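Structure first, then comments.
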Amino acid sequence: MSTLELTINGKGYAFTQGETILDVACRNDIVIPTLCHLKNTTPTGACRMCVVEVKGARSLVASCTVPASAGMEVQTESPSVVKSRKMNLELLLSSGSHDCLLCPASGDCRLQDLAFKYNATGKRFERTKPKYSPDVSNPFLIRDFSKCILCGRCVQACKDVQVNNAIDYGYRGSDAKIIAKCDLPLGDSDCVFCGECLQVCPVGALTLKKARQKPRICETEAVRTTCAYCGVGCQMNLHVKDNVVQMVTGADAVPNHGSLCVKGRFGMQFINSPERLTTPLIRKDGELVPAEWDEALGLVAEKLGTYKAENGADSIGVLASARCTNEENYLFQKFARAVIGTNNVDHCARY
Amino acid sequence: MGAALKRAITQHGTKLIVSDPRNIDVVRFADVWLRSQPGTDVIWINTLAHIILRDGLHNQEYIDERTENFTAYSQSLAKFTPEYAEKKCGIPVAELEKAAHLYAKGRSAILYCMGITQHVSGTDNVKALANLAMLCGNIGIQGGGLNPLRGQNNVQGACDMGALPTTYPAYGKVIDESVRARFEAAWDVKLSESNGMTSRQMFDAVDAGTLNALYLIGENPVVSHADSAHAVHCLEKIPFLVVQDIFLTETAKLADVVLPAACFAEKNGTFTNTERRVQRVRKAVTAPQGARDDAQIVCDIAAKMGTELIQDNGENAAAVFDEMVSVTPSYGGLTYSRIDETGIQWPCPDTESKGTPILHAEKFVCGKGKFHEVDFVAPAEEADEEYPLILTTGRVLYQYHTGTMTRKSTGLYAKAPAAYLEISRNDAAAYNVNDGDRVKVSSRRGAIEVSVQLSEKAVDGTVFIPFHFAEAAANVLTNSAACPESGIAEVKVCAVTIEPVGD
Amino acid sequence: MTHITPTKLEAMRKEYAARLTQPHIRHLFICGGTGCHATGSLKVKDALHEEIAKHGLEEKVRVVETGCNGFCALGPLMVVHPDNVFYQKMTVDDVAEIVSEHLVHEKPVERLMYKDPQSKKRVPLFSDIPFFALQKPWTLRNKGIINPESIEDYIGREGYMGLSKVLLEMEPSQIIDEMKASGIRGRGGAGFPTGMKWSFAAQNDSDIKYVLCNADEGDPGAFMDRSILEADPHAVLEGMTIAARAINATEGYIYCRSEYPLAIKRVQIAIDQARSLGLLGENIMGTGFSFDISIYQGAGAFVCGEETALMRSIEGKRGMPIPRPPFPAAQGLWKKPTILNNVETLANVGQIMLNGGKWYSSVGTENSKGTKVFALSGDVNNIGLVEVPMGTSLRSIVYDIGGGIPKKRKLKAVQLGGPSGGCIPEDHMDVVVDYEEIAKVGAIMGSGGVIVMDDKTCMVDMARFFLEFIQEESCGKCTPCREGTRRQLEILERICEGHGKPEDITLIEELSEMITASALCGLGQTASNPVLSVLRHFRNEFEAHIFDKKCPAKRCPALVEFKVIDERCKKCGKCAAVCPVGAVEWQKKEVAKINTEACVQCMSCYSACPFDAID
């Protein structure tokens with residue numbers, strides 16, 4: 001069987017049946033800008049930013065939806081393509097308030113990047129006033145409709161990725177808006193605050209609550225780790241600045257492919273909680289009082305030593321923790337078995 | 001996990017059978033909802049098997065090749081007729097028939113959580129499910145299997161690492177001499193020859209005066225244990241209690257020594273998830289001044305007791321990992337660099353292995369899959385005149401376990417600030433309580449006060465309280481009667497009564 | 001259940017023919033379309049029954065309420081059969097006269113007959129009225145003749161005989177061959193060859209396939225589909241069933257807007273009747289073929305006429321287009337192979353099967369075969385539903401059938417194809433009805449809305465109207481349509497308000513180019529057509545608005561200064577009487593004068609002047 005091939009910007013590329021033009025381009029590191037395209041979901045073709053020119057086609061085609069076909073000749077940055085993208089950006093930028101100076105997403109915004117790339121200012125048209133005021137009805141995120149470009153990624157994320165079906169398009173024409181159940185505030189809707197929408201929003205329409213009290217995401221350093229809540233083991237990025245976990249995003253890897261639940265995404269405040277224990281405590285006269293590490297560890301070692309000596313190793317128990325790492329659990333059981341000398345080691349699997 | 005399930009249903013046509021005493025959210029995605037009376041799981045599971053066998057939907061080839069004890073098992077199913085199940089579990093015959101046929105048609109996976117295990121018949125429930133899966137050849141294939149969903153991030157890893165009284169890392173039995181000899185050689189120490197005590201047995205031993213010291217790490221039994229009054233009693237009674245945690249939990253408050261630990265974001269290491277995938281944990285921030293790594297703490301204690309637990313005092317997680325995998329054959333092929341980007345599912349015995357996503361694929365690890373005859377054992381406590389309602393406990397989305405971590409999040413707190421009693425409209429009317437009313441919920445073991453939440457999720461006769469909230473801990477009410485094999489307490493079923501509380 | 005047989009169908013047909021030709025029996029075909037209902041045809045019908053009873057004529061006169069007759073402007077109307085007499089604008093008060101004069105004394109009532117607008121003469125015979133005489137009613141063959149709520153009437157007119165032939169004598173592939181041979185193209189507007197569409201869906205294997213009928217008719221001024229459903233619902237059912245047979249579908253939906261209650265009612269009756277005769281449902285005509293149809297009521301969103309949006313709507317989702325491919329023929333409703341045809345297309349299928357594709361293709365032009373139904377409206381004398389052979393000139397439609405422009409005004413342009421179409425100016429009126437020919441002059445065939453505009457129409461304002469419509473009906477999903485048309489509308493609004501800027505024409509053109517090239521669905525891609533066609537044919541009007549701040553047609557109030565042309569003024573004072581702000585100064589026997597300071601440009605005087613003396 002002959003291999004299927006198309007050309008992009010004059011160069012030939014092989015493809016497999018079913019791949020879109022965008023798929024082939026991405027695979028070969030050819031950048032086609034997108035706003036609405038969301039991996040692992042059915043393309044919606046909403047933003048029309050990924051249009052390309054295909055020789056012989058009646059109009060520009062959206063590369064995210066059009067399948068590659070043999071012999072197709074694609075131009076990704078032809079003058080008509082660039083013109084269309086630029087006009088598209090002008091339209092988006094003039095609708096609502098895309099003010100990068102005040103936007104939490106600045107530095108992590110596709111619209112900003114594309115405006116820069118295509119030299120679009122949003123000044124060809126009069127700026128329209130936002131129709132809808134922001135939704136701040138919930139403790140997790142803000143929906144700023146004046147920044148929303150209606151790309152629908154949040155809807156895809158909610159519908160196709162998380163299958164929560166909490167949000168969808170509402171109204172028509174220039175009144176269009178992403179709404180939750182009968183246009184209720186998110187806090188009163190069916191939303192379960194997984195935050196998938198927040199993560200996929202390419203602009204600053206969905207941002208964290210109190211974003212202004214935090215650094216912008218582009219100022220943070222991402223550390224990939226495994227979530228410490230349930231047994232799914234979601235891969236996540238802890239975004240750190242000033243030794244504080246400022247925000248959390250899902251990492252695009254197995255098993256969660258970028259998704260998180262409300263706890264993983266919004267439940268990491270405990271790390272920097274002022275209630276964290278910062279000093280050992282020893283019970284003296286019935287009260288727990290602060291103590292030096294040396295004293296506390298010494299006391300533990302001494303007591304355990306004494307009970308072992310007097311009542312045997314089996315008079316001591318160790319309850320390890322399903323919350324700790326494998327390495328630590330290995331050490332805990334080794335401690336029980338090799339240091340104390342007992343098999344009295346268990347953990348909280350049963351609760 | 002939930003999202004993947006829902007995607008399978010909505011985007012790939014997967015059918016869903018839900019068995020839950022409550023009309024939980026996922027029921028709306030289900031083709032069949034088996035609403036069983038709490039504690040009667042063995043009956044409906046065996047009934048599905050009964051129907052499958054009766055209608056010839058079982059996989060005889062698989063049974064012949066891969067399993068044993070089928071005849072005895074099939075005979076034991078005789079009494080589990082759909083009519084019997086309808087009477088005992090309250091599930092209509094038609095639903096059972098539909099579920100059985102759905103399950104037996106093609107590949108089918110079983111996912112279960114604590115609703116199956118936290119019963120006096122917990123082990124039986126799991127065995128019954130395993131029987132069902134084997135009956136249809138659903139074990140050892142992609143899209144099949146019997147999949148427990150781990151509630152806590154590293155339950156799997158803690159078990160794998162031998163934080164169990166009967167097994168060493170990788171499940172070698174402590175009473176097996178050859179295994180023990182291997183560990184004695186590796187650790188250069190003489191090891192105990194007898195099985196240790198389970199957590200529950202330890203608490204009982206405290207009560208009996210035979211356990212003198214408990215070193216408790218990152219756990220909050222005051223809130224999480226069934227019949228928490230009993231747990232508190234034991235913890236108060238124990239001569240020496242060390243609690244190592246990141247917060248001063250309800251349990252830590254009872255300790256003789258509290259050791260402040262670092263949390264997951266402050267250390268390096270690995271967690272093993274519910275699908276046996278070993279994944280990296282990386283240090284993102286430094287622990288608050290004064291708190292220390294758990295590894296470092298336990299090494300320090302050992303050092304003070306005169307033993308070097310591991311090289312470098314456990315400061316280098318990678319070094320601990322290396323020693324750990326050297327004695328854990330199923331982890332043998334793992335290195336930090338191999339799992340840097342994507343975790344690997346054990347068994348992964350050597351560096352050639354890419355891991356094993358599906359267990360029992362060619363044959364069962366133990367050879368043949370054994371069918372266990374399982375009979376119905378009633379819950380330890382059933383509704384009666386004095387305590388006419390059945391209480392079942394569980395979780396809410398916005399909180400985690402005993403709330404130690406999640407209740408520090410303002411957002412999560414706002415969404416789920418307190419415990420509540422989920423009750424059906426009919427039951428609420430019968431007890432003359434309304435949505436939002438404060439009620440006292442009592443069982444034979446204690447009483448708590450919560451608000452009433454009228455809910456479509458609740459079914460008449462069964463109420464629900466989430467167990468996250470220490471100030472109204474559902475486990476004050478629950479029964480510590482446990483499954484004799486696993487030692488898991490029956491927190492999913494106990495008898496309670498409610499009464500309104502005047503202002 | 002005993003299945004209906006071809007013999008039985010033939011017997012029913014003969015019975016009907018006999019009924020119609022029974023000696024000494026008259027049939028009164030009174031129009032029961034939505035238009036005539038609105039003007040009171042039901043009351044007239046009741047009065048007729050009463051009056052007939054009074055004269056004891058029940059045995060000799062049958063009153064038949066038909067679907068839309070087509071000449072909607074003249075309703076309530078009625079045809080007396082076999083006399084071939086046409087009555088128009090009847091009222092309840094006319095009924096006694098009709099019965100006593102015409103039915104009893106055999107003297108037709110002349111004053112209720114059609115009056116030719118040019119000659120001002122009454123036309124006694126129905127078939128002599130040019131509006132009807134020049135039409136070729138194929139799709140509308142049963143309009144005004146049968147009772148749409150009677151399957152017997154339909155069968156009497158060869159109904160379900162095409163289906164019978166298909167089921168008993170033809171292979172599915174032959175059906176498609178016949179459709180291809182007929183040359184019929186989609187009457188919804190785009191003109192895709194129907195036979196080809198069916199063949200794609202037929203090729204795709206699937207356990208379930210669907211046949212959908214698009215009755216969402218959303219173009220302003222269009223009422224072809226509604227009229228067909230009201231007048232001849234069985235024709236659509238028969239067409240759908242044949243389509244189902246061709247592609248092996250088992251289920252069908254008629255997607256009809258809920259604003260068409262009469263159509264919905266009649267289609268439902270038709271479905272029930274067809275089921276009861278075994279012409280729909282399980283094992284149709286005992287052939288083992290099963291197919292059933294349900295009505296799905298849409299909420300009237302324009303975009304739901306777009307095929308993918310329509311399917312989403314039936315699925316219970318928000319009606320929004322999705323990208324193609326996959327095409328509906330492969331993955332349509334519920335991701336199953338689906339064909340969607342327009343009402344008009346489907347209504348032709350039965351006859352094509354009965355008479356053969358060759359018969360159908362004998363009429364029309366090289367690439368556009370058969371006939372086309374138009375809804376004629378606007379500034380034209382004969383407003384109504386017309387059906388002409390492909391190849392008929394627009395001029396003929398407007399002047400011969402339409403009776404020309406009222407008040408002897410001049411024709412300015414004709415808007416064809418609604419919001420997706422374009423305007424065709426007077427000097428292109430000889431263009432013939434043909435998909436390609438119409439496209440050449442910058443419009444599209446569209447679904448059949450023909451809006452005639454006289455010289456009082458401002459073309460810029462007309463373009464603004466369509467853009468306003470498009471903007472309101474845009475689903476809001478893709479940027480070009482949602483934001484682009486909004487900006488175009490904004491620009492046109494400012495031009496009409498006198499704030500047009502020199503660069504506006506370029507900006508509109510640039511936007512049009514971008515929207516056309518990159519919008520997601522057909523509606524967006526064609527949304528700029530009206531404004532582009534105005535720019536093409538009436539650019540000078542744009543320029544007058546922008547540069548001279550003048551509206552040549554005097555429709556844009558902000559750009560008009562009204563004054564009285566002294567020499568034309570007949571001093572009647574009608575202008576002063578209608579002015580709401582007292583801006584017209586007039587004394588008896590004096591020429592009126594308009595105080596431009598006070599004038600609010602409401603145009604009342606302009607419209608009221610019988611002598612065109614206000615400009």
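Every residue gets a Cβ built from N, Cα and C, even glycine.
Now, the feature entries from TrEMBL:
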type	residues	note
DOMAIN	A:2-80	domain '2Fe-2S ferredoxin-type'
DOMAIN	A:80-119	domain '4Fe-4S His(Cys)3-ligated-type'
DOMAIN	A:139-169	domain '4Fe-4S ferredoxin-type'
DOMAIN	A:183-211	domain '4Fe-4S ferredoxin-type'
DOMAIN	A:220-275	domain '4Fe-4S Mo/W bis-MGD-type'
Of the listed stretches (A:139-169, A:183-211, A:220-275), which one yields the highest count of Cβ-Cβ distances below 8 Å with the domain '4Fe-4S His(Cys)3-ligated-type' (A:80-119)? A:183-211
Treating G and I as helix alongside H, and B as strand alongside E, what does DSSP give for the domain '4Fe-4S ferredoxin-type' (A:183-211) in helix, strand and coil? 10 helix, 4 strand, 15 coil
DSSP on the domain '4Fe-4S Mo/W bis-MGD-type' (A:220-275): how many residues come out helix, how many strand, how many coil? 9 helix, 20 strand, 27 coil
What is the number of residues in the domain '2Fe-2S ferredoxin-type' (A:2-80) that are helix, strand and coil, as DSSP sees it? 9 helix, 21 strand, 49 coil
Residues outside the domain '4Fe-4S ferredoxin-type' (A:183-211) whose C-beta sits under 8 Å from one of its C-beta atoms, at least 6 past its ends, are 35, 38, 98, 103-106, 109-112, 135-145, 147-149, 151, 153-154, 156-158, 161-162, 164-167, 170, 177, 247, 249-250, 258-262, 265-266
